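K.L.:
If you look up TrEMBL, you'll see 79-149, 371-440 marked as domain 'BTB'. As annotated by TrEMBL, domain 'TLDc' applies to 197-416, 488-659. Among the features that TrEMBL reports, region 'Disordered' is placed at 1-31.
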């Protein structure tokens, strides 16, 4: 035991040192733990602040949603909605506008989120051209769409579908038509007068069905003045000797016409034609009377129809062969530009009881001035918004409707402007959209330029000075004309210049040889205009895509053959991928530049790199494109680069050749 004490005593200082060391080590570790804990607490505090900010943000958003919900609950649209689309009146259901295409602009307008108020007449006004709005509305109602065989109508409906943001309709219009699979673009008319752009309501169709003799159902369009021209000779060339006909007329807001059970005829001398079943009718009239039939009076059957090569449709006459006093319904030559058309009922056809002889288009009801403005421009009626008329602040129209002048509408509610209204719709559409779309006839362009000067609309005046509207001979200077100025597809000067830069320098001017919408869409029409004309440029419009091809060898027909060349190329100006102007040169391994066949339109490449299929002469044109065989596909793009799909609908296409 005693021996152990020294050992313990000797060990004590060492153990004390060990304890001191241990205590020192524990103190440093505690400090590190305290520091870590402090940092963790700081992070937790910062996270709490973030959570509080997010919670406050969510609370504010919830308050906005709650307020909007209360507003929606307190705002109710009627179940039946009346629309005024550029002067065209439509009635539909709220469900159609909001459920047919839930992501559309129309669905948003009538969702209850916006404080929309109807005009004085109870209609919600939309400042767009309402000519084709019935197609839009029918698509929302049924999910299907029947379009007439008219490339212009197709393009205009596509523009409206894009404006109203109806993606389902846009997608349907972009799909190639397949009658065995898709009901969307059926070109066969399934309803009475389904091709009519005037009779558009089921009520009016049913009224005509009741008026017409039994068994008269399969009516098809022979003539439309806005399409075929307002000349009397155009009417007779398409309607004479065609058997029974129904004539439908629109004058301002009023719709009327007549039935004739015998063929129209024409000659240089006025001829009275006997009829027993013919009648006149009114569907919309200034008296507010519903659909009305006006039969031919039995004592005047000898003058049921009047034939003359210088007259449009003429029903009933009082007088002699050489001196006529009055006509029940007379549509004059050039009816859109003169005021000779008239109606005086009671001559050969019965006038409705209690009505005047001017029943069809007579004294109109008055109207009140509002933000929706009705204009009478030389007898042409237009409806637009005050905002549209004042959009160009320096124009005469803006000054007229600025409120600085005391202006009063006429008895019919329209403000009268004593100018030729033939082309006023182009003026109005420019003010609505800021874009100028015009026909390519020099006479019309001159007339529009004169109207633009009168109304002092500098935007139109400046655009009409561009070479794309007039040739260099019409300019004040002697600058060289812009390339492809005759094109109605390649309307961007930038695109024209890019294409010109890609082409070989041939020191000659490119001139229009062929346009499908003008010269006919058949392969025969294409070859008759373009064969043996040397180098050519083909420009194609497929809905919103613009592309084409160049060949330095002439097109041919008569024998099927491939043509080898090294300078040919394809190009894209506008494509679904957003890529800028792109040139696709010919592959040096596969030099089959194009294919000549009298039964085909333009065909580029050995394996249908680009092919235009002209099926017939009625405007039905489709296309096919699969790049990569003879022409290089742009880097990173697919073989369907031009339109996003192999098969596509062609809206129109043009071919340019060199001026000799």
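Sequential numbering from 1, following the chain as shown.
Heads up, the Cβ atoms here are built off N, Cα and C, so glycines get one too.
Since we're looking at a predicted model, the values are computed, not measured.
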K.L.:
The domain 'TLDc' (197-416) vs the domain 'BTB' (79-149): three or more C-beta pairs under 8 Å (separation of 6 or more)?
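P.N.:
Yes, these stretches are in contact.
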K.L.:
Within the domain 'BTB' (79-149), how many residues are helix, strand or coil going by DSSP?
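P.N.:
Counts, helix then strand then coil: 21 helix, 17 strand, 33 coil.
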K.L.:
Per-residue pLDDT averaged over the domain 'BTB' (79-149) comes to what?
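P.N.:
Taking every residue in the domain 'BTB' (79-149) and averaging pLDDT yields 82.
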